[in-house]
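Comments concern the structure below.
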């Protein structure tokens with residue numbers, strides 16, 4: 001109740017003054033804990049759960065104040081006194097109220113503080129200032145707020161399935177006051193209830209001991225394929241001392257199961273092309289989740305599919321593996337196909353390996369290519385690239401060597417073939433002899449030009465005496481040819497024999513060489529059976545010269561006769577194998593006649 005014993009009017013409790021004084025004379029505070037505002041003429045203090053509630057007594061201190069008291073009102077309106085303070089004795093008394101035991105504090109300005117705010121502290125409290133003539137009262141409404149815990153999505157589904165409404169999970173926010181509200185989101189957008197697609201149920205429970213609320217919202221959801229990797233969250237909206245606020249949960253991603261709609265087959269290979277000898281792996285996959293684990297693989301030429309996991313391996317493939325390959329689900333409901341081309345390269349060299357031929361013979365050579373694509377062909381002889389393919393109509397010694405026919409498929413990595421031909425050109429020894437007088441006119445050089453393969457061994461002999469000449473010089477053996485030469489200074493006419501011998505034959509050729517006094521320059525002798533006739537012609541020439549000298553002067557004839565008698569002009573032609581003895585005899589007879 002309110003009195004007027006102070007002899008002056010008292011301002012209404014609901015009026016607002018610019019500088020209202022507290023009982024201790026201080027200015028009315030504007031920053032008290034909690035947001036304070038007047039609503040419906042009642043002063044309200046907003047407090048945070050667990051904090052201290054501070055309620056100033058908003059009455060002006062009257063003259064003759066005896067004491068001040070605080071009480072709260074029960075729901076039925078009956079008062080419960082909780083604190084008393086005398087203005088004269090300065091002592092404070094707290095009533096024995098169990099809910100407020102050891103929680104109250106009443107200051108000298110009659111401000112009441114309640115520690116550890118509880119939900120049960122939401123009451124109408126009244127400050128009373130009592131004089132001898134009057135009792136003044138001022139009510140204060142206390143509001144308590146409690147922020148809920150961060151919401152959590154619990155009881156999450158292991159996975160979701162398309163075309164099926166399934167419990168996704170429960171969003172729970174605990175210990176809120178007043179009660180809050182829960183909202184579901186997908187990828188940041190609010191989920192609105194849709195019949196048989198999005199079903200949301202909200203339940204609120206209160207803890208009787210604390211008065212705090214727990215909100216639980218369950219979400220049943222029918223996903224689509226596009227919901228794979230979607231982020232689901234929930235939030236709780238609640239009221240606090242400063243107004244409405246919201247707390248968001250952590251996002252959750254669910255595994256969404258959906259059936260396979262497409263099958264794909266592909267070739268797993270280290271290279272973009274496949275060649276014979278490669279290992280090929282086929283992989284079949286479905287776009288469902290979870291993906292299919294087994295498939296049917298269809299191989300060219302096979303009518304029934306081969307059941308396998310998602311891969312099928314073919315080892316060491318051949319060209320007949322080229323074709324169309326397919327795979328399908330085990331129920332054959334879906335199928336995909338791909339084409340595999342196994343590249344190949346064949347090379348046939350005719351002849352090949354080691355081939356021995358005789359000089360002058362013909363040798364046809366062919367390098368035949370069979371391939372899956374156009375191939376390049378390269379010929380190499382003795383590590384040198386040839387400009388054209390080899391062709392031998394008449395083999396020569398320089399044609400001998402190591403030939404390689406190499407072919408490559410440029411578009412297929414690692415596909416290269418080569419075959420070799422080792423050509424050996426053999427020939428019997430052939431000899432050509434030449435002679436010349438050296439520029440110093442003190443010696444003559446006799447050369448035996450030899451051809452043949454294998455390389456012939458050369459021996460020099462002096463006809464008649466049979467002595468062997470060991471001091472010879474040989475040139476380098478190239479393309480089946482080389483030369484052997486000797487340097488001599490004969491005092492009389494001699495016949496030299498060059499013998500060349502290899503595994504095929506022994507060839508012998510002789511050459512008449514005049515004494516050092518008779519110059520000779522590059523007079524080659526033919527290597528044939530007419531050798532003896534040429535020797536006879538030379539003898540006849542000598543005889544003619546002698547006869548002419550005898551006719552000119554007898555003395556000169558006698559001298560020439562003595563010279564001819566002493567000279568050994570025996571020239572014999574040696575046959576290719578054993579020597580022509582009969583021809584030598586005829587030569588001696590002719591010499592004898594010339595002497596006569």
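Cβ atoms are placed via backbone N, Cα and C, with glycine included.
Just so you know, TrEMBL annotations never went through curation; they're auto-generated.
Per TrEMBL, the stretch carrying the note transmembrane segment among 541-563, 564-586 is 541-563. Checking TrEMBL for region 'Disordered' across the ranges 1-22, 23-44 points to 1-22. Against the domain 'Ig-like' (429-509), the recorded stretches 139-248, 259-341, 360-422 differ in Cβ pairs under 8 Å, and the greatest number is found for 360-422.
Summarising model confidence by region, the domain 'Ig-like' (360-422) averages a pLDDT of 92.
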